[in-house]
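Enquirer: So Swiss-Prot lists these for the protein:
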| type | residues | note |
| --- | --- | --- |
| ACT_SITE | LYS37 | active site, proton acceptor |
| ACT_SITE | TYR266 | active site, proton acceptor |
| BINDING | ARG135, MET314 | substrate binding site |
| MOD_RES | LYS37 | N6-(pyridoxal phosphate)lysine |
Amino acid sequence: MSIFPVWAEINLRAIAHNIREIRRVTEPGAKVMAVVKANAYGHGAEEVSQTALAGGAEWLGVARVAEGVSLRQAGIEAPVLVLGYTTPEQAADVIRHNLSQTVYTRNAALFLAEAAAREGKRARVHFKVDTGMGRIGWLAGPGAVREILELARLPQLEVEGIFTHFAAADAADKRYTLEQFQKFIEMIDELQKNGLEFPLRHAANSAAIMELPGTHLDMVRAGIILYGLYPSDEVDRRRIDLRPAMSLKARVAHVKEVPAGFKVSYGCTYTTGRPGVIATLPLGYADGYSRLLSSKGEALIHGRRAPVVGRVCMDQVMVDVSGIPGVKAGDEAVLIGRQGGETISADEVAAKLGTINYEVTCMVSGRVPRVYIR
């Protein structure tokens, strides 16, 4: 058990297993990008990156320049693609730290080229095409082809790749995704007819890695499946064996017997119906255990489920342990993960919150220590 009152346990052996599975289902010849943005979906970017690279990933993906710089400062030398927006003021950091940058407007290409010229280097770029997601990217079409061809001639830019992102690959109906992919391929064909070649063409996200091998091209981008979670309930889970890497745990801080009619937590929204036992756990919404789990969430203590009672506080939450004999201060409580024969999954927590498993792991805040199992 950890020395901390609350901690997130990250099983790097699970990450290593998942990257092996991702490699197994990825088409031969396609590289694997491990997407480690948002502190590796809450799991710890440095440790996950090192584990993924050791397991066969060739690239890393981040959302922001600062995330890429942090990886470089940790001694990670693998190629890193900044998938999102970078300000003109940060362009020099892209060059200095040998990052690759997503480009999706003329202005972005120009300020990156200017920064590269000042540094006496070339900027590595991946052009982003919007084939139906509605986020960043040139809208696929003749106008985009003309502009990309023009910008690719800038001597300060080294064109490494071109990519798009699927909006609904995790749906059972793949028609929209295949339409997006067709637009992407048609645009690449037009660019190639005009003499522009791309070392790396990439489109496949986690769901497409699992179910659409024809979209794997030169590289795939593994996000949520790297962490052992499935993209949705509509994908075929039999295609890949995943192991969840994160558990959220705490130690029981206090246990007290309370009478019937006793009110618990802010707003007095919960009243005991009979005499019972309430345990306090030292985590709350400041740790990423959402207030929306008030009187909805559960914890595992002694391998049994204890319901959250009353409102989740900033730093504490109360659970009813009346039906669990012998609970005492210092006992382990599991908010996400397995204890004994019971499991509370990130998907279960997400369902109670009306959200997705991605958000559940990302919500675990920075003040929660990560404890790594190697």
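In case you wondered, yes, glycine gets a Cβ from its N, Cα and C as well.
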Enquirer: Report, in whole Å, the straight Cα-to-Cα distance of LYS37 (active site, proton acceptor) from ARG135 (substrate binding site).
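Expert: Taking the Cα atoms only, ARG135 (substrate binding site) lies 17 Å from LYS37 (active site, proton acceptor).
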Enquirer: Show which residues of the chain containing TYR266 (active site, proton acceptor), separated from it by at least 6 in sequence, have their CB under 8 Å from its CB.
Expert: GLY310, ARG311, CYS313
Enquirer: Does anything in the same chain, at least 6 positions from LYS37 (active site, proton acceptor), have a Cβ under 8 Å from its Cβ, and if so what?
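Expert: Correct list: ALA45, GLY61, VAL62, ALA63, ARG64, GLU67, LEU83, GLY84.
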Enquirer: Starting from the Cβ of MET314 (substrate binding site), draw a 10 Å sphere and report how many other Cβ atoms land inside it.
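Expert: For MET314 (substrate binding site), the 10 Å Cβ neighbour count is 12.
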